[in-house]
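Asks: Sharing a structure below in structure tokens format, with a few things to ask.
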Amino acid sequence: MDQQPGKGEPRKFDPKFRGPIHNRHCTDVLCCVIFIVVILGYIALGILAWVHGDPRKVVYPTDSYGQFCGQKDTINENKTSLFYFNILKCASPIVLINLQCPTTQLCVSKCPDRFATYIDMQGSYRHNKSYWEYYRQFCKPGFNKPWKSVAQVIRDEDCPSMIIPSRPFLKRCFPDFSTKNGILTVANQTTFKDGRGKTRNVTDLREAANGINNVLDARSVGMKIFEDYASSWHWILIGLFIAMVVSLLFLVLLRFTAGVLFWIFILGVIGIIGYGVWHCYWEYDHLQGTPGSDLTIYDIGFQTDFRVYLQLRQTWLAFMIILCIVEVFIILMLIFLRNRIRIAIALLQEGSRAIGYIMSTLFYPIITFVLIAICISYWAVTAVFLSTSGEPVYKVMANQTLCKYANLTCDPETFNTTNVTKLCVSAQCTFAFYGGEGFYHKYIFIFQLSNAFVFLWLVNFAIALGQCTLAGAFASYYWAFRKPADIPTCPLFSSFGRAIRYHTGSLAFGSLILAIVQLIRIMLEYLDHKLKGTQNSFTRFLLCCLKCCFWCLEKFIKFINRNAYIMIAIYGKNFCTSAKEAFFLLMRNVVRVAVLDKVTDFLLFLGKLLVAGGVGVLAFFFFTHRIPVFTQETPTLNYYWVPLLTVIIGSYLIAHGFFSVYAMCVDTLFLCFLEDLERHDGSAERPYYMSKSLLKILNKQNVEIKRH
């Protein structure tokens with residue numbers, strides 16, 4: 001056996017190498033064991049959250065007694081909405097939704113539909129008791145003393161001092177705002193009585209329910225969108241199927257059109273820049289003799305109107321020089337890199353041919369999608385159960401300036417027997433939020449952080465498994481000397497089995513590194529969000545630098561991981577060795593890497609644009625009744641852009657799924673190509689495995705031999 005090459009040295013010939021190694025051993029076993037233990041711990045965390053959590057706390061609002069509104073088989077089964085005694089105490093809708101508004105909250109069967117005050121109710125009660133029957137449904141259960149003084153009722157919070165016309169939103173009663181002639185109103189009124197002897201403007205309610213009206217109006221839009229989906233879903237599926245067929249055809253035809261598309265684009269760019277040079281010269285010559293055109297940019301200084309600069313000959317001269325430099329640069333790049341561009345195009349065509357022989361690879365992204373969907377679902381469910389794991393926490397609600405016990409925790413069952421009610425006459429023990437002081441509740445944040453971290457790890461592992469599986473399948477194609485005769489049976493399935501059986505630890509190792517960086521980025525984004533209001537410029541600058549650095553680090557790690565997984569699929573070595581060998585192999589061919597990367601990115605971007613744009617244009621003409629043949633079949637829609645955007649976005653995602661397989665194919669073939677060049681010389685003992693087109697471009701050939 002030859003010795004291993006140095007870091008920068010080409011790899012030496014291995015006579016035993018014949019493509020992806022089949023006699024493998026397990027790699028990164030320790031990381032594999034840790035990964036399995038973490039998964040088992042993640043399952044245990046999910047079970048623990050399921051035991052302690054209660055999603056009803058999210059689904060149902062909770063009143064001041066810790067009871068759910070609208071829950072079946074309870075006293076509040078028919079009381080589905082939460083009513084706030086004094087909504088003016090609530091700062092914003094977010095405070096209301098989080099159930100931390102410092103006022104009594106009560107479950108009611110329906111929200112108030114009129115303005116009324118407790119004082120007016122008492123005045124009307126003497127003549128008509130029906131006023132009390134309506135008003136009492138917004139009072140505490142069991143309270144039936146309409147003659148009780150207003151001061152005592154407000155002090156004990158037996159009833160609200162006022163009720164306001166409201167409508168339910170997120171099962172909570174919010175003022176029924178509307179705009180009339182540009183003026184904010186509630187039930188067509190601009191003022192209301194607050195029940196304490198004052199007349200107030202409805203704008204006082206704006207802060208307590210800011211933005212709710214817009215969201216409520218959006219509900220009607222949401223219903224119309226749902227109707228559009230219900231009437232056009234089958235046509236959307238047809239559009240997505242067309243996108244899938246077009247994507248497949250584009251990949252198959254790339255073996256014939258890759259070079260043509262690229263050179264047409266390059267010639268087009270050269271032509272456009274050439275026209276730009278001519279136009280700049282024409283403007284420069286046309287302005288000769290025009291008064292003021294010979295002034296310099298420095299003479300006129302900074303101007304907000306850009307058209308001023310277009311009246312200067314110096315501006316057009318600068319544009320012409322810049323475009324000439326760009327034109328010359330592109331032409332020189334094409335001259336010096338022409339062979340590398342031809343190699344890149346040949347590899348793209350070879351990738352199309354490889355996919356044609358292993359068509360099953362096009363549908364592997366479905367497996368990755370299912371795995372990621374499972375991870376997302378498990379993470380979301382676990383997060384919901386963790387966030388609802390707390391026990392009801394009750395706090396003393398009283399005036400903070402007059403009562404030292406205000407906002408302290410309390411027990412509603414024993415509250416009336418304590419000294420708090422004597423020292424603070426109007427104090428009440430009401431539900432505040434869900435929490436707890438136990439060991440489990442103290443570490444809820446740690447559990448949520450762990451949930452997020454393992455989720456990132458699992459998602460990255462699913463992506464890594466897909467990349468390694470596809471790389472193994474396409475490497476089997478490249479290292480088949482006679483294509484397609486020597487391609488092994490079921491290469492995709494065999495590659496998947498090898499990745500799971502032998503390289504779970506290596507894939508988990510690479511995924512772990514990436515997950516750590518992503519978690520740090522999430523934490524930095526969280527800190528940035530929290531510190532947005534700070535005036536410390538140094539802190540903002542430091543955070544910005546850290547975010548930028550970790551963004552670059554994440555991109556670099558993704559690049560290293562992707563190529564490391566390809567080397568793992570070929571040689572079956574551990575992650576660190578594979579990453580090192582892939583990195584130095586690419587560094588020895590850095591120009592080829594850059595050219596292939598840009599050519600591939602351009603053609604795949606062109607393909608995505610073609611698929612999404614073409615299918616989108618077709619959908620636009622269809623849903624706007626502009627195709628006479630299908631006029632009768634076209635559904636009537638509230639918003640034609642709903643199915644149109646769905647088709648465009650769905651088509652782009654479908655094209656991205658297909659083209660991600662193609663990109664992985666090209667990257668794998670490229671690494672195999674570089675390995676082929678370093679290992680072999682075209683002799684009978686060391687023949688090249690690359691295609692004849694690549695051999696022709698490189699002016700190389702294999703010695704004619706007979707293989708049995």
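Any Cβ shown, glycine's included, is placed from N, Cα and C.
Residues annotated as transmembrane segment in TrEMBL: 26-51, 233-253, 260-278, 316-337, 357-381, 454-481, 502-524, 602-624, 644-674.
So that I understand the layout, could you describe where these features sit and how close they are to other parts?
Replies: With a cut-off of 8 Å between Cβ atoms, the residues of this chain six or more beyond the transmembrane segment (26-51) that come close are 378, 381-382, 385-386, 389, 440, 447, 450-451, 454, 457-458, 461, 501-506, 508-509, 512, 568, 572-575.
For the transmembrane segment (260-278), the residues of the chain that approach it from at least six positions outside its boundaries are 319-320, 323-324, 326-327, 330-331, 334, 341, 345, 599, 602-603, 606, judged by C-beta separation under 8 angstroms.
For the transmembrane segment (316-337), the list of distant contacts is 266, 269-270, 273-274, 276-277, 280-281, 283-284, 287, 310, 591, 595: same-chain residues at least six beyond its ends, Cβ to Cβ under 8 Å.
A Cβ distance under 8 Å defines the sequence-distant neighbours of the transmembrane segment (357-381), meaning residues of its chain 6+ beyond its ends; these are 42, 46, 248, 251, 451-452, 455, 458-459, 462-463, 465-466, 469-470, 473-474, 477, 483-484, 487, 491-492, 657-658, 660-661, 665.
Sequence-distant contacts of the transmembrane segment (454-481), counting only residues of its own chain at least 6 positions beyond either end whose CB sits under 8 Å from a CB of the stretch, comprise 18-20, 35, 38-39, 41-42, 351, 354, 357-358, 361, 364-365, 367-368, 371-372, 375-376, 378-379, 487-488, 491-492, 494-496, 498-500, 503, 507-508, 510-512, 514-515, 518-519, 561-562, 565-566, 568-570, 661, 664-665, 667-669, 672-673, 676, 687, 689-690, 707.
Within the same chain, residues 24-35, 452-453, 456-458, 460-461, 463-465, 468, 543, 546-547, 550-551, 553-554, 557-558, 561, 564-565, 568, 572, 574-576, 578-579 sit at least 6 positions outside the transmembrane segment (502-524) and bring their C-beta atoms closer than 8 Å to a C-beta of that stretch.
Taking Cβ pairs closer than 8 Å, the transmembrane segment (602-624) reaches residues 232, 235, 239, 242-243, 246-247, 250-251, 254, 258, 261-262, 265, 348, 630, 634-635, 637, 640, 643-644, 647-649, 651-652, 654-656, 659, 662-663 in its own chain, all 6 or more past its ends.
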